[in-house]
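J.: Before anything else, here's the structure in question.
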Amino acid sequence: MAEQLTEEQIAEFKEAFSLFDKDGDGCITTKELGTVMRSLGQNPTEAELQDMISEADADQNGTIDFPEFLNLMARKMKDTDSEEELKEAFKVFDKDQNGFISAAELRHVMTNLGEKLTDEEVDEMIREADIDGDGQVNYEEFVRMMLAK
């Protein structure tokens with residue numbers, strides 16, 4: 001299952017996984033799983049999380065290692081209603097709901113995810129996605145950026 005992921009996706013999942021693997025032991029607790037998935041634009045229900053945890057936590061020790069996590073994410077991505085997921089993810093970033101993601105909004109969300117970015121890094125992320133050059137990211141630009149991964 002995980003072999004269907006691109007190197008870029010695997011690197012992205014590893015980075016997200018590492019953010020929540022506070023002690024660096026290669027495992028995250030099951031209650032952190034929901035937080036990790038939401039940081040990647042997924043929106044699992046409590047019931048879905050319980051099902052995934054049951055599937056992934058083979059030894060029932062309450063933690064999930066990275067290979068288990070990758071398989072889980074590959075499965076979840078395969079049956080994702082991506083249009084709906086993208087809309088939800090966009091709303092998370094677009095704090096004032098004006099239809100645009102500003103540098104300030106991007107910085108706010110990334111900080112909440114534990115990513116301390118410099119102004120230059122935030123500006124670079126906006127520039128990469130900002131096709132029309134207006135200094136912010138609209139929904140179409142966001143979708144194009146997300147699907148390009």
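Backbone N, Cα and C atoms are what each Cβ position is placed from, and that goes for glycine too.
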J.: Among GLU85, GLU105, which residue does Swiss-Prot annotate as binding Ca(2+) 3 together with ASP94, ASP96, ASN98?
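T.: Record check against Swiss-Prot: Ca(2+) 3 site with ASP94, ASP96, ASN98, extra candidate from GLU85, GLU105 is GLU105.
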J.: Can you check which residue among the binding-site residues ASP94, ASP134 has the largest number of Cβ atoms within 10 Å of its own?
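T.: Output for this query is ASP94.
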J.: I need the neighbours of the Ca(2+) 1 site defined by ASP21, ASP23, ASP25, CYS27, GLU32. Which other residues of that chain put their C-beta within 8 angstroms of the C-beta centroid, in sequence order?
T.: PHE20, LYS22, GLY24, GLY26, ILE28, THR29, THR63
J.: Could you measure between ASP21 (Ca(2+) 1 binding site) and ASN98 (Ca(2+) 3 binding site) for me? Cα positions, answer in whole angstrom.
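T.: One finds 34 Å between the Cα atoms of these residues.
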J.: Kindly assign GLU141 (Ca(2+) 4 binding site) to one of the three DSSP-derived states: helix, strand or coil.
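T.: Its secondary structure by DSSP: helix.
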